[in-house]
Each structure stands twice: as structure tokens, then as C-alpha cells.
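**Student:** The structure under discussion is supplied below as C-alpha cells; questions concerning it will follow.
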Amino acid sequence: MAELTALESLIEMGFPRGRAEKALALTGNQGIEAAMDWLMEHEDDPDVDEPLETPLGHVLGRESTPSEQVGPEGPGTAAGESKPVLTEEERQEQTKRMLELVAQKQREREEREEREALEREKQRRRQGQELSAARQRLQEDEMRRAAEERRREKAEELAARQRVREKIERDKAERAKKYGGSVGSWPSPPVTEPGPVPSSPSQEPPTKREYDQCRIQVRLPDGTSLTQTFRAREQLAAVRLYVELHRGEEPGGGQDPVQLLSGFPRRAFSEADMERPLQELGLVPSAVLIVAKKCPS
């Protein structure tokens, strides 16, 4: 059975003549399958239909011989050479084979594109997982640093409280040595219990609450104030020590001893009161104290 030329087969399959000639020339006339591969890969190129500027022989890498010159029927036929005529049935059979080959090439191309798309999706998911893992590690690092910072602040606070307690103990020892005997043996003055607060007729008396903390505001002689929270069972000496450490330098560089007074009712706290807890002195849950310079005895 006579065969169609490669150019005629491509034209029979619906490819434009110029595009088919270009595909055959650029694939070196290696056959219809190579030309079809080129056409399938470059069908979306914007210049696919532009004619070749280089002669066919130069594209193939050699000069065309007179017997290979392009005849009126297309490449591969010499001028004056007769071409076998195909019957209609042979033409249809060959066209059918070519169409099957085109369909096969199309399926292969779709499968290749599907594999590439699947690989891109896998890579995208892998990158997303790596980014999520990096973000989680960063959050864990931040939480760990925050926990370490809280532990450090707590340790510093405990150390500061320990220093205050040690200072109180040293002050107690110095006062006992100075005045003789034990500070705890001094007689305490009678404590005046605050009278009952009259309640409104329309309100019931509030239930007594137990507080474990006390907020003390201390007014200094220069008009400024200090505010600090103490435990309800801490001694009044802790408040005096806090004031002495934070009241600032006085003119002349000296630091006179201070005396604490309550605003209402007016009361001056003695050295014996310094050993009593704030709760017992009626300074819980909050109180305002006034600092006065202690007169030398």
C-alpha cells in the first residue's frame, strides 16, 4: 500500500501546512512522530506559525542536493518525480492511524502534566509543613523564654524580701544592744480598739473578711508618696525599712531616723509597735501613713 509523505500526513491530520513544514524542518526530517512531538510541545508558542528564515538545508545541518530539492508536492519529492496515488480506503486507513497516534501523544502529554502538577502540589504541602513546624518552634522558644523570665523575676523578688527580713533582724539586734535587753520585753502601750462603725439602716453590717495582704501608702515630708503591698502578718518595721530605703537622699547627705504616724485616728507608732504585725495594728487591708522626722531622745 502506498504511503503518504510526512507532510501530507500532518496536513491530513489537520495541522496547517506552514506549521507542518516547520516541524519537519526543525526535527531534521526524522519522521512524523518527531514532528508531532514538536508540534504538541510548541502548539502554544506565539511564533509557532511564523515561517523559517533559514533555508531547509541549513536547518538540517547540510546543503540540499539537487535530488533533494523541494518539489511542487512538498519536501522529500524531487521535481518531476511521480507520486503513487492512494485509494480513498488507503487514505482513510492511514489518516486513522495518524489520528490514533495524535491521541496517544495527547494522552502522554496530559499524563506528564498531571504528574508534574502532582509533584508541585507535594512540594507545596511539604513547604507548608516545614513552615508550620518552624512557626511552632518559634512559639515554643518564646514561651520558654517568657517562663524563664518569670522565674528570674520571682527569684529576684524572693531575694529582695529576704534582704528586707535580714535588715529587720539586724535592726532589731542593734536596737536591743543599744537600749539593753530584748526589744520584745518592752511593755506595749494599750491599744485602743476602733469603735464600731455605724451602719446605714437600709444596709446590713458587712461580713468580716480575712485579708492576707495590706496596701500601704506613705506620705513623705516633701509631699511625695510611696505605695507598696505587704503581707498582713509582716511587722511594721518592714514598712519603716522600705521607707528608709526609698525616701531618697536628704540635703547634707544624712539620713535621720523616721517616725510613722497614722492619719486618722492620729497616732504615733512606738518602737514596740514596730514588732507588731500590720493586721494587729489595724492597717489591713489598706492604710495611709505619714512620715515625720524622729526627734532625738
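Cβ atoms here come from the backbone N, Cα and C positions, even for glycine.
Caution: TrEMBL annotation is automatic and unverified by curators.
The structure displayed is predicted, hence computed values, not measured ones.
Just lifted these from TrEMBL, have a look:
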COMPBIAS  42-52  compositional bias 'Acidic residues'
COMPBIAS  86-122  compositional bias 'Basic and acidic residues'
COMPBIAS  137-177  compositional bias 'Basic and acidic residues'
COMPBIAS  187-199  compositional bias 'Pro residues'
DOMAIN    1-42  domain 'UBA'
DOMAIN    209-291  domain 'UBX'
REGION    41-213  region 'Disordered'
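Are these features on the surface or tucked inside, and what are their neighbours?
**Tutor:** With helix defined as DSSP H, G or I and strand as E or B, the compositional bias 'Acidic residues' (42-52) counts 0 helix, 0 strand, 11 coil.
Across the compositional bias 'Basic and acidic residues' (86-122), DSSP classifies residues as 35 helix, 0 strand, 2 coil.
Sequence-distant contacts of the compositional bias 'Basic and acidic residues' (137-177) (same chain, at least 6 residues past either end, Cβ-Cβ under 8 Å): 183, 235, 237-238, 241-242, 271, 275.
Confidence for the domain 'UBA' (1-42), expressed as mean pLDDT, is 81.
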